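Q: According to Swiss-Prot, the record shows the following:
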TRANSMEM  4-24  transmembrane segment
TRANSMEM  42-62  transmembrane segment
TRANSMEM  69-89  transmembrane segment
TRANSMEM  93-113  transmembrane segment
TRANSMEM  131-151  transmembrane segment
TRANSMEM  158-178  transmembrane segment
TRANSMEM  217-237  transmembrane segment
TRANSMEM  247-267  transmembrane segment
TRANSMEM  271-291  transmembrane segment
TRANSMEM  295-315  transmembrane segment
TRANSMEM  328-350  transmembrane segment
TRANSMEM  355-377  transmembrane segment
Amino acid sequence: MKRFLLCSFALVLLYPAGIDMYLVGLPRIAADLNASEAQLHIAFSVYLAGMATAMLFAGKIADQSGRKPVAIVGALVFMMASLLCSRASEGSLFLSGRFLQGVGAGGCYVVAFAILRDTLDEHRRAKVLSLLNGITCIVPVLAPVVGHLIMLRFPWQSLFYTMSAMGIIVGLLSLFILRETRPARLAPRDLSRSSPAAESLVNRFFVSRLAITTLSVSVILTFVNASPVLLMEVMGFSRGDYAITMALTAGVSMVVSFSTPFALGLFKPRTLMLVSQGLFLTAGVTLSLAHTNTVTLFGLTLICAGFSVGFGVAMSQALGPFSLRAGVASSTLGIAQVCGSSLWIWLAAILGISAMNMLIGILIGCSIVSILLIFSVTPNRSVAEHEEIPYQSRP
């Protein structure tokens, strides 16, 4: 079991590392490529577009051909794309490399969740996904620090050499450590109960959890996107204060994420999901009424705690009905989360909604919709029948 957890964690970490590690080198990258920092900030959107593109195909391929081939190819693409970014001499080539990095990271991300669905029951899966969420919260804190240390002695290209090395390590883990977990053919007596056709993506329970996780990701990405404006422009923080504040909020996320597995031993998953949405609602109300920086910071802290306590549980429930189509389900969740959050941020920008109101709106909207879905759509017998661990060791 340890090999699956190690490989899943490594596969997921490519996604946040690809976002956060290069940011510290952005001014030098812009200078060397004769582009403005504003022009290169589109690299974030390009990276997410690459992830979404990969997710369109990676899940189905993983269900048909196996998790291991997709993981190996994804890591290889990430590694080669990182090298392409390091060799870029102008902006368009750099953005092409960023898109391909997203493709590689997206494929690995989908496979990681499919592997966990294949190998863990619902209770253990919720705990592991909460831990995974805590680990991914470490990356936005550590990656810029590592990047800064690298750039003290080496040029910005070294950041992408480092990411390329990460791709190589993940590829080697996938090749030599990871075992195939894709479900084998079912016996004829099981086909009517568990078949790809029976595991529909349009069942009410999956759609409800897809909506909850998409709204939750929209909350956290809106927070990340709006935080520079809120903290430095509205609240008057310096860059140093901003970095410290974001590190502290990431610390809150880590503590809550690592505590959630223990909470799952005491409370039902539904209870933790309601607590999560209650924290979002409280954060929205707090931010709307805040008149001091201290109260605003308290509201922002509630956002991180709310996301960390509920997201892993909701993701685990969303994957539960899919013993044979975990790859497709994981892809669908990933695409909805990336596209849904991007759509909200884009619409809010087009409508001229301020950063604070953008955040308050998604917090209150997410909490109300999610609480209604949690109460109105509960796991039924059909979902329970598919909640099985299909993995069996292969020679």
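Placed from the backbone N, Cα and C atoms, the Cβ positions cover glycine too.
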Q: Is the transmembrane segment (131-151) in contact with the transmembrane segment (158-178), using three or more Cβ pairs under 8 angstroms as the rule and ignoring pairs under 6 apart in sequence?
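A: The transmembrane segment (131-151) and the transmembrane segment (158-178): touching, yes.
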Q: Under 8 Å, at least 3 Cβ pairs, sequence separation 6 or more: does that hold for the transmembrane segment (93-113) versus the transmembrane segment (271-291)?
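A: No, these stretches are not in contact.
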Q: Are there at least 3 C-beta pairs under 8 angstroms linking the transmembrane segment (295-315) and the transmembrane segment (217-237), leaving out pairs fewer than 6 apart in sequence?
A: yes
Q: Please report, as numbers and ranges, the same-chain residues at least 6 past the borders of the transmembrane segment (295-315) whose CB is under 8 Å from any CB of it.
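A: Beyond its ends, the transmembrane segment (295-315) has Cβ neighbours at 113, 126-134, 137, 209, 212-213, 216-217, 219-220, 223, 227, 230, 235, 245, 248-250, 252-254, 256-257, 260, 263-264, 269, 272-273, 275-280, 282-284, 286-287, 289, 333, 359, 363.
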Q: Under 8 Å for C-beta pairs, could you tell me which stretch among 69-89, 131-151, 328-350, 355-377 has the largest tally with the transmembrane segment (247-267)?
A: 131-151
